[in-house]
Structure formats: structure tokens, C-alpha cells
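Straight from TrEMBL, the features:
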TRANSMEM  21-39  transmembrane segment
DOMAIN    150-335  domain 'Peptidase M28'
TRANSMEM  382-403  transmembrane segment
TRANSMEM  415-438  transmembrane segment
TRANSMEM  450-476  transmembrane segment
TRANSMEM  563-584  transmembrane segment
TRANSMEM  604-626  transmembrane segment
TRANSMEM  638-657  transmembrane segment
Amino acid sequence: MVRQRSNRDSESVVLVAKRSNYVILALFVVAVYGSWFVYEQQYLNLPKPLGAQQVGKRGFSEHEAIQHVIALTQFGPHPVGSPALDHALQYVLQAIENIKETAHWEVDVELDLFHAKSGANHMVGGLFKGKTLVYSDLNHIVLRISPKYAAEATENAILVSSHIDTVFSAEGAGDCSSCVAVMLELARGVSQWAHGFKNAVIFLFNTGEEEGLNGAHSFITQHPWSDTVTMAIDLEAMGVGGKSGIFQAGPQPWAIENFALAAKYPSGQIVAQDLFKSGAIKSATDFQVYQELAGLSGLDFAYADNTAVYHTKNDKLKLLKPGSLQHLGENMLAFLLKAGTSTNLPKGKGTNSSGKSGQDTAIYFDILGTYMVVFRQYFASLLYNTVILQALLIWTTSVIMGGRSAMVSLALSSLSLVLMWMCAIGFSVFVAFVLPLVSSSPIPYISSPWLVVGLFSAPAVLGAFTGQHVGYLILLKYLTKTFSRRNANLPLVVQEDLAKLDAERWLFKAGLLQWLILLIVGNFYKIGSSYLALAWLAAPAFAYGLLEATLSPARLPKPLKTVTLLIGSSVPCLLSSGIIIHSVSTLIGSAVRLERSPGSNPEWLGNVIVAIFIAAIACLTLVYLLSYIHISGAKVPLIITTCLLFGISLAVIQLGVVPPFTEDTARAVNVVHVVDMTGANGKKQEPASYISLFSTTPGNLVKEVEQIGEEFTCGTDKPLDFVTFSVKYGCWSDKNANIGWHETDIPLIRVENDIKGDNRVTHVSIDTKLSTRWTLGINTDEVEDFQLKDGPEELVPIGDKSNADSWHIIQFSGGKKAPRKFSLTLFWANNQTHKSYKKDSNTEQPLLKLRTDVDRITSPTETVLGKLPQWCSLFGKSTSPLTLAFLTSLPVDF
């Protein structure tokens, strides 16, 4: 506070540079409770489920939709090729027959049970690099709803798509029986409205998505109705329930702009789209096929609550929150009614609704789940450039007017930013390294995400404050000398207090500089999430300019007003608090499946990622608030509080008060009966059979093996190559491993013909025996090109092939009638003068390596699964082996 008295002869200044502890406490309380309120409204506030009588024939009823989820989950896991999937298809087929019977008399409901014989997905983007995904014998259900007396409507269709199949390890309540249920209830509703439509609506219930987006690919490349599709909507899940939000939109903005106008509870963030497209989220959806292969624009929705249960046994009905289906269903029905009656749908690849080429992508975000803001990139660039230029002009003018003192102060306040980031990251990363030493699991917070508040957020806040305070002290020392020269007539105590107040203001302005830099970078790279940088820059700058700024550098500084922080932070917190909390929650859940190749990463890696992410959030969002603490008496209470939070959280973990995993939030493991025909040098040997236990969740398996028994040995002594990934740390047991399989089940790779010379060509036959799900690795250091055939039918043609780490991977999946015998033609690289070796050893790599999967639980596997701790769950994905896997290879020198 400042008290100043003056007269003509002298000036007496009494100044105390101090802020009340209670003000700081109140600010932290407002920040915490305000942030949680935003998150709760934006992500947890679900609509009330409605019954059939409440919505009538034309509305969406969750009570009706949930019956479909119940029915589909009762079939258990239903992966491609399983009898359970046939039952699920029959159920969906019968539900559609009921829709046909009750449809409006002026509406056509056409049903097509589509069988895709075979095909190959050659996309090379993202997860598809170095892969060819081949499929066969897939069955899909395609439903088209259109006005009966407007035949031209079928020439322009809106595609709504999701998948019926699940991974082998989950019943799929979230992924994606909930999506299928919503589509069935939407189809029922649309069948009562479509007589007034100008466009048809196609509902695609596909299979094969979990094996590599094969259902969407087969529809786009083989089904005659695919040529009529002008816009695609994909429904997905990476968790169970909650709000289904848009995480991909475009490239044309028509769909997202009209969804924002139509939806009752709009939910979607371009932040999620930026993360997804950056590759930070290692996943893909059918929407990628619709965008890249078909050139369609549209929307991609996903349920993202409880991401830790994704593809595990806990993807089950009881975790599906009431209101989840109602939320997505009401939004989608309103959008389809608007799009169905529109005459200006986007016309396809590279064109807008008027048919002209060129696209202006959209930036979108929702506010509290009730209103969605959408604006185009062109406007965003214009707005960002204007703000950047004005900010640079103000900064330049300010520094010039302030002279050398201002330039040095700017440099030192920038130093405080650097120190803040260094200390925040350093403190939280230190904890990341400590946790594996004091806990039974390297990631002990999975079942209790609130623990990260004490484990990582508290050290991050303490580190950010410590770093900023060190910078503050350096800046204060300089400013004290400056004020002693500039205001020598003032008492020394007053000079020191003036320096404190000026240092506080420079730290606040350093926060503005931080966000200005981020806005410049985001604008340059056209990052959609840059609107957050704009909010965190413009709102505090406006508040500071309105309430704090002075035109003359000669005026004495005053303490920053509390209202400045409240006004400046309200809009940024409204826009970002929910996203931040949701993102941290998603990141924590994803740690369950962090290790794509078990044992290949250090145990602390997951903690370091979480720690750095939280530290970055602390530095970005608390930079303004922390600048208020340095002249207050809240420094010691802040240190004590953060240390207490950390100490309590650490004690809770060390004492085992809360377990790292529970039955409902389980550790992801795989139990595979392996029959291995590959030697360490790629040569053939007698079959070696054993039960393999490994986990995509960081940490050893000692506790699990102690409970299972069955003579397991754990370590890194027995690395295992599953073609699509490798297991460097795992457990294995030979007990009864010769039971449950026969030598006639072992796949065969046989060289039929080898034509040597400058253009060497080798013909190989492959017999996968029992398996219709297999993975073949082709060594691209030795092989330049190849061709795969099923009899006379060409599955993979000759042509350019991408590779990843010197391998091209063919992933094959199909139904019961899929082929099991193939011919492979290899075209060797010219001037071959060396053999392939693993990068980390002198072990020769094979020419071909093959893994075949069989959905069979052998007797020893059943024993292990029966003893598996309740806190563990099998984990499935397209690259995971099933419970019985055969490994074989062909050496280079066959």
C-alpha cells in the first residue's frame, strides 16, 4: 500500500510494499474452485436421460439406446472372426428391421448386409507408416434413410459411422457399443423426419475397425453408396461415457459451423485436434480413412471419460455414466436434422459448398458445454497479427521511453521466466525419478488421479515460485540501485519499497511476454489452439492497461491491484481450466498403456511426461498470480503448504494407503501362449513353447507373478519379437506349455523358387494354418519390393512401400472364411553386399518374420488367467497377439 503527502516545499512519502496473506489465500481459493467449476460444467454436467414417452417418436431416448448397449455387451468381447461378432451383427440387423417397420410412410429405409471379400489399406500417414493392412471376409451393415418421393436426395448423403467389433479383451460398452446404440436410436428418430430431407443419411455399422480401420476402408473402396457420400461423421470412444466431444473437424468448416448452431449441448475442442494430429496421441479412427482416402470433410466424436479402462475388461456397462448417450444423441439428432434439410453440403475433396477449390479451416471450442465458438483460420490470422503487432509496438515504445533501465529490467524479468520454468520442471521431474524408488509401481496414481496434485502440482508450483522469486531478487537488486540514483531525495526504505513494487510489475509484464511469444509461434505454424495464447495475453494486458499502466515512466510505481488479476484471469480461466484438468486426467489414464514395447523405456518415463506437462501448465497459468506473492507474507505459508501436500501424498503412496491399481482401474497385461520356431539367429529350430506374461504399463511384474505362481521367471534375459513390437522385459513359464497346440498348427514359410542374379526374385508360399489374423515383417534392407497374392487375387501390388526401422509390416485380419494360404514374391535390393543386423547387437535379422494369432485359450493359459490378480486386465489392440501365438521366420541365407 502507498500513502503519500506532498506540498510545495517538500514531499513526504510513506510507503509499505506489502500485500495481505489473506488476499493471496483468497486468490488461490478462487483459482482452484473457479477452475473446478469450469471443468465440472464443461465435462461432468450431463443431461438427464429421457424415456421413449418423454421424447415421442421423433426424439432421442437414452432409455431406449441403453437397451442396445446392454444387449451388445452381453455377447462379451466380439472381435473380427468370432461367433460373438456374428451374434452382434444379427442383433443390429434385427434392430434395423424394427426401425424399417415403424418408419414414416414417406421415408425409404434401405438395408444392405455388405460383405467385403478382401482389400488392402495402403495409407502411409501416422500409425500406418511402414504398414499395409490387409483384410478379408468382413461383414458390415449399411442403412440408408431418405425421402421416398425425392430420388435426388440419395445422390447426396451424410455418412454416420461407427464399429460393432471390439478387441478380444473387452466387452466394449464404451468402445463402441455406446456408439452403435446411439446410431440405432438416431436411425429410429431420423426415419420419422426424413420425409422433409433433401439429403440421405447413411448409417454404417462396420467391423474390422479395431484391426486397422478395415471396415471404413472396405466401405469407401467397395460399396456403391460410398460415391454419394459428401460428408462423414464418425463416432468413437477412447474411454467409457461422459460427454462425447468433437476432437477432429474439417478440413472444410461447414460441418463444425452448423453443428455449433444446431447442437443443444455442444462439446468440442480444437486443442484435442491439435494433439491428435501432432502424433502425441498414438491412435487412429475411421475418420482418417474418410478424410485421407475419400477426401471427405466432417466431424469425429469420441467419448473420453475413464481413459485408463480403454481396451481392457473394465470397458463395461456399469462405468457408463447416465446421460452420456443422451448428450451425444440429442446433439447428433439436431445436427442431422439441420444437415439433412440443407441444400449446400460440402461437395467433397478440395471444394467448398459452391464447388470452388480451396479451404479455410475452422477453429472451434465450447464454453461450459453450452455454447460453441467457431471462427475461420483467415479471421484468426488477421486477429492474431493485429494483436501481435500492437503488442510489439507497445513493448517497443515502453522500452524506448524507459531507456536503459527498461531494457535491463525486461531482460531480468525474462530471466525470471527462464528460472521459473527450470525450477518448476526440475522440482517435478525430481519427484518423477523418486516415485519408482518408494512405490510398488512407478505410476502409483492411476487409480487415484487426485494424488498428482500433491505429487507433481505442488512441487511444480513451489518450483515455479522459487524460480520466479530468484529472478525477482536479481531484478530487485538492480532496481534498488536504479531508484537510489533516480530518487536520491527519498528515504532508503522508500527506495527499496519502490523497487519491490516495480519488480512486481515487471514480473507481471513478463507473463505477458511469455504468452506473446507463444502467440507468435502458434500464429506462424497456424496452430488452432493459439486462441488460448490470445486469451492469456489479451485479457491480462487489457486489465493491466486499464488499471495499472502509466504513460510516464517518471511516475512512482504502485502495488498491483487485486482486481487487475481477477479481471485479467477470468476469461482465460473460463476458456482453459476445463481443458487443462481434462487433459491431465486423460494423460494419467493413458499411462496404463504407455509402453508399446514392454521394457523398452525406463520406468520413470511416464512420470517424467506427466511431471513436465503439469509443470508447463503451472508456469503458463500461474505466472500472473505468482507475481503477486513476492511482496506479501504468503511466501512461507506457500512453501509450507506445497511441502505438506507433497509429503502427505508421498506418505499415502509409500504406506500403501491407496493401491496403484484396482479392479475397476486395472493394469494392462497380456498372457500369451507362445510357440516359437525362430532361433536367436533367425534359423529354424525345434518348437519352443512357453507362457509369456508382459505389460504395457510401466513397472515390473514381481507382485503379479507372486500371486500367480506357475513357475514364472521375470527379467530381460528372454526378449521376444512379436513382429509389430518387441518385449524386452517380461515373464515366462514352461510349465505345461506343450499342452493345447499341435505341430500341425505351426505356420509354414517355404521358398518355392529363387531366381538369383542382378535382379533377384524369390517366390515364397505362406500357410497360416489355423490363423486368419497374422502379421508378417519384411526386411526392407534386403527386399526392395514385394507382391502378395491369395491365389490369383492380388492383395498387395508391386509399388513403392514405406518402411519403419527397416521393416515393412503386413497386418492381416479376416473372418472365418478368410484365406490361409498366400504367395509372396520378393524383389531383392540390387548390389546387396551386407546382411541386416539389429542396431543394438550383432544378431542377424531374418528376411521374413511371421506371427500368427489364434483366439484359443489353452489349458496352461487358462490356469494363468484364472490366477491373474483382480487389479490386472488383458489389453487388446490391433498389434497385440491373441492368447495363442505362433512365431516363425525365414533367414536371409535360406
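Here the Cβ of each residue, glycine as well, is placed from N, Cα and C on the backbone.
Nobody curates TrEMBL annotations by hand; they come from automatic prediction.
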Q) Counting Cβ pairs under 8 Å that sit 6 or more residues apart, are there three or more between the transmembrane segment (415-438) and the transmembrane segment (382-403)? A) no
Q | Top partner of the transmembrane segment (638-657) among 382-403, 450-476, 563-584, 604-626 - counted as Cβ pairs under 8 Å | A | 450-476
Q: Report yes or no: does the transmembrane segment (604-626) come within contact of the transmembrane segment (382-403), defined as 3 or more CB pairs under 8 Å with a sequence separation of 6 or more?
A: no
Q) To the transmembrane segment (21-39), which of 382-403, 450-476, 563-584 is linked by the most Cβ pairs under 8 Å? A) 563-584
(Q) Using Cβ atoms and a strict cutoff of less than 8 Å, what residues sit near the transmembrane segment (450-476) while being 6 or more residues removed from its termini? (A) 409, 412-413, 415-428, 430-432, 435, 444, 499-500, 503-504, 506-507, 584, 588, 610-611, 614-615, 617-619, 622-623, 626-627, 629-630, 635, 638-639, 641-643, 645-650, 652-653, 658
